[in-house]
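Q: Following this message is one structure expressed as structure tokens.
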Amino acid sequence: MISLDLNFNILTTDISHYLENQVKVGLLGSGVGLSLVLGFSAAYTCYYLISVAKKPQLISGGKKFYQFLWEQCPVVSETYYPTFWCWESRIQTLLRPFVTAKPGVIYRNELIKAADGGQISVDWFDNDGSHAHPDPATRPTVLLLPGLTGTSRESYILHMVQQSRDLGYRCVVFNNRGVSGETLLTPRTYCAANTEDLETVIEHIQMTYEAAPVMAAGVSMGGMMLANYLGRKGRETCLKGVVVFSAGWDVFECTASLEKPLDRFLFNSYLTSCLQASVHRHRPVLEKSYDIDHVMKAKTIREFDERFTSKMFGYRSNDDYYRDASPVHRLKSVQVPMLCLNAADDVFSPSHAIPVEAVKQNPHLAMLITCHGGHIGFLEGLWPRHSTYMDRVFKQFAKAVIEQGGGLTDLS
């Protein structure tokens, strides 16, 4: 690994000396072309090492949690080296689904009845071949929550399942209603503010494996839902720990950021079309209660929420929904160890809206902020196919919570 302790003065002197004394080497008839390439490469390397590759910032509301992470999760103190050819936020965000591999995972699907007559689809990875935890009754369980339109087949979910399998743990993926191919039985889907379905699934996991420890990980909107759940439940949950990736903490700020021209073009319109596609698939059951034609004309996520989501969940206005969906307002009530990873350059969750001060006020919270990484990107390595910085954070924290969880008792 390249060290940031390089003597840049010596490097700069050497480059200057070389350029001043270059010789012809036959590239395009002279050494000028090669010199330009070498000079640019050296300058880019210097810029990358000085301005791009940096250690993350770790913030915690309590010394005990901070020390626990420092000792049990080395990744929080290591320099994050984004993939050198795609460290920019939007490029990381856009490329991750295409460059990261999708590990082969065979799930066992289960449909859980909801109180309103609907059904919730969860996908189990039982890991019956676990050598570390051969007894299913006590095998640790990791609950995974995908993003806004994600399912158990997202690459970032599959990577976390793979990491959990390596640790000997069982996984269960919570799929939001209507997104994973199941029939929508009632005119209700999901939103970041409503945690009733999540509570149902967590209770089901606890009843199914009463002796098994449970932790959870949420990505993007899944992380927002988890944070809102913890804020509502306080200590009344079976979860031993939670890790949240690329969550949007203030929905007003997140939406405003995604409505800037470039980000609206790159992300907002696409996500809106994905939400509309899900609505269209379940049109027969939804059109009895909502004006689907009006919903299908929405151009942004905000318009979609104004016409569909906020109305479905009974809010007087979309602003009321966004206020209720913003986890920043519930962080003070979280009573379970929760580690949050955000990139400062994430256009979905702008840096000025990351709740640093709120985290400092709660000993159960820790925030890890990288300078780069984008939204669920965190690509690293020359060709980031098999592992990301996010994967390493997940694996180390999951192992620490399950196997060293005693160090997280009595954080307050």
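Quick reminder: no glycine exception, Cβ is built from N, Cα and C everywhere.
Feature annotation from TrEMBL assigns domain 'AB hydrolase-1' to 140-381. As annotated by TrEMBL, active site, charge relay system applies to Ser220, Asp346, His375.
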Q: Measure from the CA atom of His375 (active site, charge relay system) to the CA atom of Ser220 (active site, charge relay system) and give the result in Å, rounded to a whole number.
A: 8
Q: Neighbour count, 10 Å Cβ-Cβ cut-off, for Asp346 (active site, charge relay system): what number do you get?
A: 29
Q: Using the alpha carbons only, what distance in Å do you get between Asp346 (active site, charge relay system) and His375 (active site, charge relay system) once rounded?
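A: Cα of Asp346 (active site, charge relay system) to Cα of His375 (active site, charge relay system) measures 5 Å after rounding.
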Q: Count the Cβ atoms, other than its own, that fall within 10 Å of the Cβ of Ser220 (active site, charge relay system), considering every protein chain shown.
A: 26
Q: For a quick check of packing: other C-beta atoms within 10 Å of the C-beta of His375 (active site, charge relay system), how many?
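A: Other Cβ atoms within 10 Å of His375 (active site, charge relay system): 26.
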